[in-house]
Amino acid sequence: MSLKTVLILLGLALATIFALVCVLLTRGRSPRSCQHLPPEQEEMEDGQSLVFADLTPEEMSQVVRYLQGKLGVPLVDASRAKPSDNCIASVDLQVPAKAEVLRFLDGGGARPAREALAVLYFGNQADPNITEYVVGPLPVPAYHRDVTVQKYGGKVPYHRRPVTGKEYMDINALVQRELKKAPRFLAACCESDGTNLVILTTAPRGFKSGDRMTWFVLFHNVAGTGYYLSPVGLEVLVDHGDLQVSRWQLHKVFYNGWYFASTRDLEQEFVAGALEVVRLKQPQADAVLGSMRPRRPPGSPGPLPFEPQGPRYSVRDNRVTFQGWSVAFGMNPNSGPRLFDIRYRGERIVYELSLQEALALYGSNCPGGMSTRYLDGSFGIGRFAYELVRGLDCPYTATYVDRHYLAEADTPKTNQNSLCIFEHDSALPLRRHFSDSQSLYYGGLRKNALVIRTISTLINYDYIWDFMFHSSGAVEVRVHATGYISSSFFHGQGTDYGNRVGPHTLGTMHLHHIHYKVDLDVDGQLNSLETQDMEYEFVKDPWSAQNTIERPYLRRERLEKEDEAAFPLNAPMPRYLSFVSPNPNKWQHPRSYRIQIISFAGKHLPTSSSMERSISWGRYQLAVTRRKEEEPTSTSIYNQNDPWTPTVTFADFINNETITNQDLVAWITVGFLHVPHAEDVPNTVTVGNSVGFFLRPYNYFNEDPSVESSDSVYFSSEQDPGACGANPLACLSSAAACAPHLPPFHFGGFLNL
């Protein structure tokens, strides 16, 4: 072997060794740069937030067993119970009194007793009624007390109870029996014998207290798509108020603009040729109006958010912490998401932030549509928050949390992965400035926020509930509406009440009004309400007195009474409205949090309406009242089926008490008018259908607290912006190599239905 060959081989060997060393060194660095870093931990005693935690399945079961053994009356499982039976309708957390909780959280006091609130329907009694019991202490109950009279001032009449699944099943059986009395009509109008038709409930159920008569709208049922866009023109009024199901009856029939006493009368009119029938074909799944089946094969994947070094938030039990924020979260099976003890940098900003109610009020020239005023809390905003679809409903890498509830059954149910938590990059600066004069520099901060989200499917509509926490100290609350519109059969002057969206489908106008409770504690419990707005004053210019200047000035006002702090819906409101503390910031302004509402609500129901008091919270875009333990919610699940004598009337909360240096609650209504149009098929889109509000610090701090963020970016003309040490954005190229290993997609949301 020649010397030249030896040198060549030696050189190749050295190059190979050098390459291997580089690879090994690179591999050695990669795991360190991509390893998950633990999020910053907030200081709070372990387990304190559990005072707000939803009941566990075992706790719910313990309450059921206790009641079954202690009440001394027969209890039938609610999933099988007839109106004439006794049953446990629901079991939920009894939230402790605020004073007790604060003594525990802030004053070193004893942990409040853990208790449950059980709602029972007593149909098998001489005086049928609804009774609510507080049961405790958990996990091993030893006592129960009837709190119905204490809460509502008297017994709750039995007719106010929400309709159960079993009751709907019995109504459907009655409707199917009645449809068999009109076979030739059904064959002509709908190519049906009735079995391929589905009923949709309306509410409320009548026109006066004690009524339980419901219009049901019939639709063609097509597997794999929403039936809500396929009305057949037939609607039936069912009287289901009697405790004996055998005595229920069909009270009235509507078809295509005409009313009949019964389906038999409808059949007779059709056979006699006196009824004009619109002949509909049974829709096919591949061509039905509103199908959501994809029309194109999948394309390339879209952008995928991920955390290069793992989540920067921490979830422990029912508490999430993120960059100074600490929030206890939960879910009421009726009213939906509820948050407690919201703190920023260790200071409580909000004691309670909870959804109260969602109203959908419709117009139509069909009886079902024109009489519909859904109060979704009575159906179950939290109960019907199902499993979220990873990668679409929430980011793929979000943290998913199960929620448990007990309603209409003696055994708890779980909606797995029905709440998600994630950090959201809005692809927008929270703040930024590019300096092009004097010194040259750039400074900014990305607008990232922690998001707590759940989505409720309430029959046809899907509500996306978001609670967002920003590094500026602001809280953002937002709801998006999507899902299917509800519709009526198009006939006559239907376009006075909406737009035609199909051959025989009228998208009916309606409004969505959403109500929230916000118990702000700004630098302590004792707050006042201050408004600020602008006016113009006309002054002579002070340097010559020859010209006039229109000078804007700030008008400040402290509101003293509740009546002053009740702002009617859609009326002008001060542009700045804040909960203020008695304590000043560094610049001698009261430490405050501003309420900023984003809404384009429809008109509230006229106060002359016999049912208006049941939704009187909707009179106000904002009402501020003194906090009272006996006014925990603005509505009741019993208001839906007896809105004429409401169990809870929010308007009575406003009685002109003083609101200066008091523990105050802001009650906020947001919403929008929706006139359905062609583009609402198949679903209403979230774009433009979002409303909500902000809670923003206003002189609460001495400067924007986000200046402390480790995500801040700053570099000047004298620095190399491409250097990772000078600019964290320059480090992103290496972070991009840390793409996570995504878990396999799984969805079990259909298993619990």
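Even glycines carry a Cβ here, placed using N, Cα and C.
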Between the candidate ranges 290-310, 626-646, where does TrEMBL place the region 'Disordered' annotation?
290-310
Neighbourhood of Tyr461 (active site, schiff-base intermediate with substrate), C-beta criterion under 8 angstroms, separation at least six:
Ala360, Ala481, Thr482, Gly483, Tyr484, Ser486, Thr684
Is it possible to get the count of other C-beta atoms within 10 angstroms of the C-beta of Asp376 (active site, proton acceptor)?
25
How do the residues of the compositional bias 'Pro residues' (297-308) split into helix, strand and coil according to DSSP?
0 helix, 0 strand, 12 coil
